[in-house]
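Here TrEMBL flags D143, D343 as active site. Under the heading domain 'Peptidase A1', TrEMBL lists 125-458. What TrEMBL lists as signal peptide is 1-20.
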Amino acid sequence: MERLLALLLVCSFLFTVAAPARDITSVCASQTTADFPQLDSSGLHLTLHHPQSPCSPAPLPSDLPFSTVLTHDDARVAHLAARLATNNDAPPRRPTSLRKKAVAVDSSLATVPLSPGTSIGVGNYVTQLGLGTPAASYAMVVDTGSSLTWLQCSPCIVSCHRQAGPLFNPKSSSTYASVSCSASQCDELQAATLNPSACSTSGVCVYQASYGDSSFSVGYLSKDTVSFGSGSFPNFYYGCGQDNEGLFGRSAGLIGLARNKLSLLYQLAPSLGNSFSYCLPTSASTGYLTIGSYNPGQYSFTPMASNSLDASLYFVTLSGMSVAGSPLAVSPSEYASLPTIIDSGTVITRLPTSVYTALSKAVAAAMAARGVQSAPAFSILDTCFEGQASQVRVPAVGMAFAGGATMKLAATNVLIDVDDSTTCLAFAPTDSTAIIGNTQQQTFSVVYDVGQSRIGFAAGGCS
């Protein structure tokens, strides 16, 4: 039997307010009908869950320490930055469990190097995807920083992590087909996964997706019918994982939404249009992912910036920030001193060091003026306070982008609770790649209009 492998990390997600314990059952029951995907004239509408929501179909462990979330978040950021480095001399990583089972391994797989990729899973939101004929539903993490969609498949020749619900069985789908090594989609894997494809002894294309914490997925490139509620789309290309190892929560796999031919967005664009929007919810609510048309009147837009080092990521230009209505005391040029991406899976926003320093000082001064006591640093977060974000008086923080787009951040977009008695500024400094993370995006409606090369923001998106 042939065996495959490749790296796919599942680590990066958000931690916020827990849903009230009293009504967990009833709250989740009320969300069941809303979880059903809808396809109508305006597009495809899916429900999004916070990774630590008790109502998520594939929740992370409820006792996952926030320090672990931050560790994985740092790994994700480091490897997003590595993708943009002009001289990345880091040695390629390889899966460490190639011979876990007594299976015959294609010799070509033993020599294919795997490049470290982005940490995935701990900070990524969760939705449902239908696959096969007849269709079965699977809990999947959603990631704007990844291209290839993949999920675990039986017989899991090497390894599968524990997931919610049964594995996808290709033999049970009448529309399943593996993809040959000669297909153009096999050639496109290099751009989609940043790893070269391989070829099995029977001529089937092998994908290898790797992530920053040494998590990975390796398997066969396949095609089948993907479905969402009553809508179905044939000949969808994805990875059928046979060796999947890392921190994935209990998800079956990953949905890629990056700018690449193999992403879910690009494959559905001919039917639904080349744009998607989402609202990332708190752990006590639900949000949505929509692929298709949107109402432009409710958004303020910023142009998508370009970067030749990685055309698959979504770049923006941060032009200013303010605290309590006053602009930060930094030169406007400092905001654009680093490339800036917007990312659904990074928890903590990274800012150029000079911008972060000014923000930290301004927020700390405003909090002190409001009588809020400072607290010791926590992991990568060095500006912390006593109390919880929802209970302390937080100054208004604004973010401005090229073209006039703005985000007026609520208290829980500015601070993040790290334990029961401490909350910290949900920003950190960087000297490599600036990232607009999901704590700041939470409860905003964010639209990625790839067709018109613009990104829009609107407050109150999850309501």
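Placement of Cβ uses the backbone N, Cα and C atoms for every residue, glycine included.
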How does the model score the domain 'Peptidase A1' (125-458) in terms of mean pLDDT?
94
Including all protein chains shown, what's the count of other C-beta atoms within 10 A of the C-beta of D143 (active site)?
27
What is the separation, in Å, between the Cα atoms of D143 (active site) and D343 (active site)?
8
